[in-house]
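Feature list (source: TrEMBL):
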- 1-190: domain 'Plant heme peroxidase family profile' (DOMAIN)
- Pro28: substrate binding site (BINDING)
- His58: heme b binding site (BINDING)
- Cys65-Cys97: disulfide bond (DISULFID)
- Asp109: Ca(2+) binding site (BINDING)
Amino acid sequence: GGGPFYPVPTGRRDSLVSYPQIALMELPAPTDDLSVILSKFLLRNFNEQETVSLLGAHSIGAVHCNFLTDRISNFSGTGQADPSIEREFLNTMIIRCNNNSAFIDLEKDGALETGFGRHYYQGLIQNKSVLRSDQQMMSEERTATWVRAYASNNFLFIKDFSNAMIKLSNNGVLTGPVMGQIRINCSSTL
């Protein structure tokens, strides 16, 4: 990865129960339009700039091909691929998903660089986004401006991403002695 260092306050209380259905409703879906993406982040008090910077986390990791089937072979029920995908990158996606591979690697399949950073934004400019929801960042100037800024200035991206992650870590913190628990082992399950 090679992501940035940023301080995260410790002692955050976590819920004693997981609510996956609520999380699915509140998090942007891979097929969401820009207005939906921005409104979901705005509900948590994140503006366009912060939203675009947070989505830069998609410069690493992988996307399961199940999320891409419609985009690469039946976009909006047309029986065709999403016309916004750059043709060579579309071929890479099709080969990866039809070649007994369950996922596409976000930093290696089609990216100019590897690791955590601006290659995600460079890919958006070139229409080489794996997820339609990510490519939506180029559909309006209010977000495309930040995509271009982060594509050309990795320091700015790292700074804004770090600040947005600190803000995110402080979002919706449970308080009071009967609200949730402070985990000693953060990866443990309940």
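Backbone N, Cα and C define each Cβ position, glycine as well.
Quantities reported herein were computed from a predicted structural model and do not represent experimental measurements.
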* Asked: What's the CA to CA span in angstrom from Cys97 (disulfide bond) over to Pro28 (substrate binding site)?
  -> 23
* **Between His58 (heme b binding site) and Cys65 (disulfide bond): CA-CA distance (Å)** => 15
* Structure fact -> Whole-Å Cα distance, the residue listed as 'heme b binding site' to the residue listed as 'substrate binding site', is 13
* To do: Output, ordered by sequence, the same-chain residues six or more apart from the residue listed as 'substrate binding site' with a CB under 8 Å from its CB, or 'none'.
  => Val36, Ile37, Lys40, Phe41, Ser133
